[in-house]
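Quick look at what TrEMBL annotates:
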TRANSMEM  59-81  transmembrane segment
DOMAIN    60-280  domain 'ABC transmembrane type-2'
TRANSMEM  101-119  transmembrane segment
TRANSMEM  140-163  transmembrane segment
TRANSMEM  169-191  transmembrane segment
TRANSMEM  203-224  transmembrane segment
TRANSMEM  256-277  transmembrane segment
Amino acid sequence: MSTIDTSMIAPESNSAQQHTRIEPQRGWIGVNVGEIWRYRDLLFLLVWRDFTSRYRQSVIGVGWALIRPMISMIVFTIVFGRMAKLPSDGIPYPIFNYTALLPWMFFSSCFTGSSNSLVSGGSLITKVYFPRLILPLSKVVIGLVDLAIQFFFLAILMCWYGIVPTWGILCIPLFLLMSVITALSVGLWMTSLNVKYRDIGHMVPFMTSIWMWMTPIVYSSSIVSEKWKFLYAINPLVGVIDGFRWALLGSRTPDWSMMAVSLTVAMLAFVGGLLFFRRTESQIADYV
């Protein structure tokens, strides 16, 4: 997107005339962070609108942010913890599973919301100018709000099982940033494609289901054989979830080589997603 600078120049007739200069947008990979900051009020309004509409006329309200992972935890504990007896790295299975569900549900929520953000925001896009990146970014922020609510129940579980955080908890912001980068990168790719190819919207639920089983949510990544570890770690959420479990529960130390692979893939996907989004941004209004 270009920026427009308007100034006054004096032509030969000495009368003031408006002059418009269009310049390419500057910023890291074409992203003008300053411009996004100037539109932070719009970002806040979009987040607030989504948050209130999600729980409007709901008896439980924001309690649904807790109920979803709690019910999933109970079902997974019965099926995979009690019946299948999958290993949980010496951690009680309920909290072992719940700790993984938090970053996963954050990712899946951002993935689903971001993929449709430009299409659902089409009426706004065609009426006023604003940085289009704000739309998928708002879905990530609303996901962070839900994640903050869900952390309260995690704290209760940790007290119940007598789990005391170690110094590793200081690394949580890093793993949280990694999960944000992963969610936003995939969202940028999918929302850019979904504008032109609406088949993407139909594929997202299917892709989310497959992705969940490729992520160590109901099982530990330690069960993956050595020869498959590199390929398995290409999924950035492997590093995120292993990091969450280690930092919060003091479980086994993550395989740092797998963590490096996950982080590298997340960063490459993020940079690629930004570049692809910037390349297709000028065509968005033509398709929505």
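Each Cβ is built from the backbone N, Cα and C atoms, and glycine gets one as well.
Where the annotation comes from TrEMBL, it is an automatic prediction and has not been curated.
For the transmembrane segment (101-119), the partner stretch with the highest count of Cβ pairs under 8 angstroms, out of 59-81, 203-224, 256-277, is 203-224. Within the chain carrying the transmembrane segment (59-81), a Cβ under 8 angstroms from the stretch's Cβ atoms is held by residues 88, 93-94, 97-98, 101-102, 105, 146, 149-150, 152-153, 217-219, all 6 or more beyond its ends.
With a cut-off of 8 Å between Cβ atoms, the residues of this chain six or more beyond the transmembrane segment (256-277) that come close are 29-31, 132-133, 136, 178, 181-182, 184-189, 191-192, 221, 229-230, 232-240, 242-243.
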